[in-house]
Amino acid sequence: MAKRLLVAYGLWALGGPLGLHHIYLGRDSHALLWMLTLGGFGGGWLWDFWHLPGWVAAANGAGATRDCGGTVPALSPLRLAGQVTVGMYFGLVAALGLPWVPAVLAQPLAVGLGVLLVSSVGDQTAEAPSILAAAFLASLLFQGRVLAVLPASLAASIAAQRHRHYKPRGVPRPRLAARLYHLGLACLAFTAPLACRGLCGAAGALSTLLALPRAATELLLLPLRTGWLLAEVLGFVGGSPARERGTGFEPSSWSERQQRAYEVLGLPAGSSAEDVHRSYRELVKVWHPDHNRHRAEEAEQRFIQLQEAYEELAGPRR
């Protein structure tokens, strides 16, 4: 079906940063690049205004009679600059969105894919293995650091320029539904790590905001508590009976020692005397210094801890 220039300009005005006019004209690589960079960071979308007539004519078959299959495209400084810029952009996105993936793997792969995407815009393309190999080699030289995105992008862009060629003609184009499906998968693969990282950051910020009211309350009550404590020290106000007996809200040193003893014996707090005795006998057999000569120092420390814990729990019962 013939493409209309008026429709192309309408899609450019409504959804140009998302590449809708490129989807209409069958330029899927250009459309994906515009989706992931929001119209070439804004400047590329404005640049498209002057190129739309030529792209519409090319989509309708005008001026496409010569065969470029055996020739090499001319070197384009603009395409080279775009490859370097988008390669660095993809590498930084990988560093931010995939911190759990080794940098020597994620960053050069992202840089290579970004350079390859720019190389595939229009009627040109490049060899993917050469681009990825150059990006990985440059990244290994810099040990996968974040600053390696620049030399990796430069190396991949130079490799793309050296191995550039025209796309083969006469290849049947997939249907619109399949094209949109592939574009959606590519956008999802790009944005999912960033969305996950953003949600994690938002959750941390939300927990911090929720803790602010409590911290503000504690700060406002600090002068009152300080004054009350000073009055108790000077004798103007009597302390609470619970505090005088040492059984207030703060756990006493006695309960802390018992809790620690239960933990050493591997028992929940409040276990019976039989459980204490049984756990003590089993652990003493395991950690007796005579049975652990290869780690005598650690066994001696554990043995002493077991003895103290057992005396702490079994002593009051005896």
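Note that Cβ sites are derived from N, Cα and C of the backbone, with glycine treated the same way.
For 7-25, 31-50, 86-111, 131-159, the entry in TrEMBL reads transmembrane segment. According to TrEMBL, the domain 'J' annotation covers 260-318.
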DSSP-assigned states of the domain 'J' (260-318) in counts, ordered helix, strand, coil: 48 helix, 0 strand, 11 coil
For the domain 'J' (260-318), mean pLDDT (0 to 100): 82
Chain residues outside the transmembrane segment (86-111) and at least six past its termini with a C-beta under 8 angstroms from it: 33, 37, 117-118, 132, 135-136, 138-140, 143-146, 148-150, 152-153, 156-157, 190, 193-194, 196-197
Chain residues outside the transmembrane segment (7-25) and at least six past its termini with a C-beta under 8 angstroms from it: 31-35, 38-39, 42, 45, 48-49, 52, 55-56, 58-59, 179-180, 183
